[in-house]
Amino acid sequence: MRALSALNVLVMALCGVSQIRGLSLLQQLPEVHGDKFYYFGFGSNMLAKRIHIKNPSAKFLGAALLKNYRVDFSLPSKFWKGAVATAVPTFGMQTWGTLWEIDLVNLPDLDSQEGVHLGRYRPVSVKVKLRSNDKEIPARLYVITKEPKGNVRDLPSHEVPLNRQPSKTYLRVMVKGAMESGIPKKYITWLKGFKHNNKTVQQLEDLFELDSVEL
Ligand SMILES: *[C@@H]1O[C@H](CO)[C@@H](O)[C@H](O)[C@H]1NC(C)=O
């Protein structure tokens with residue numbers, strides 16, 4: 001009896017320790033400051049209305065540039081009816097996105113939204129540069145674990161395979177988010193011209209008011 005309760009105490013103590021260790025590990029991440037962290041969204045999460053659905057605490061900090069990554073489209077999504085945006089480490093290329101500040105308590109939620117536990121994405125700490133003041137800020141980025149074969153970033157439209165095309169709805173969300181965030185025109189023009197599969201998701205078109213978004 002005494003041995004059992006001693007064991008219980010030990011187990012409880014260990015659990016407590018691991019919880020504290022988990023928290024202090026998070027606090028050591030460069031993108032964490034106090035009870036907040038910085039997150040870099042480059043796909044649908046450039047759009048405020050979109051990120052606020054699951055992350056209502058996200059606060060807009062501005063358009064930001066990520067160096068040595070390219071945006072590609074690879075993972076198929078039933079929800080969006082096409083390929084979704086993916087950041088792939090690529091020397092010399094650049095990706096624009098939106099920098100958000102989110103409550104630290106929501107970090108595990110964001111990890112699970114991104115499918116970290118499924119091995120789809122892994123979180124990395126990167127440095128991005130805010131467009132407004134050139135300040136370098138450490139941010140959390142989700143990188144695809146299975147890198148797509150070939151680079152469709154700068155392929156001419158007719159050469160982008162169907163399984164690498166986003167839906168019209170997804171591309172419109174990105175364009176709307178990029179415009180709203182103040183991302184440079186040149187990047188938005190590239191986005192608008194990217195080959196899409198012409199599929200739309202009506203309830204998302206309505207929710208995000210995409211009618212007026214021209215591609
Ligand atoms: C795209 O889809 C619309 C219907 O949603 C259709 O009218 C149009 O012809 C399609 N365009 C192409 C290029 O397939």
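Including glycine, each Cβ sits where the backbone N, Cα and C put it.
What TrEMBL records for 1-22 is signal peptide.
The Cβ of Tyr170 (substrate binding site) has 28 other Cβ atoms within 10 Å, all protein chains considered. Secondary structure at Tyr170 (substrate binding site), taken from DSSP and collapsed to helix, strand or coil, is helix. Look at TrEMBL and you will find Tyr39, Phe40, Gly41, Phe42, Gly43, Ser44, Tyr170 tagged as substrate binding site.
In the three-state DSSP classification, Glu114 (active site, proton acceptor) falls within coil. Its Cβ placed at the centre, Glu114 (active site, proton acceptor) has 19 other Cβ atoms within 10 Å. If you look up TrEMBL, you'll see Glu114 marked as active site, proton acceptor.
Residues Tyr39, Phe40, Gly41, Phe42, Gly43, Ser44, Tyr170 are recorded as binding substrate; their most distant pair of Cα atoms lies 20 Å apart. According to DSSP, Tyr39 (substrate binding site) is assigned to a strand segment. Counting in whole angstrom, Glu114 (active site, proton acceptor) lies 13 from Phe42 (substrate binding site) by their C-alpha atoms. Neighbour density around each Cβ, counted as other Cβ atoms within 10 Å, peaks among the binding-site residues Gly41, Gly43 at Gly41.
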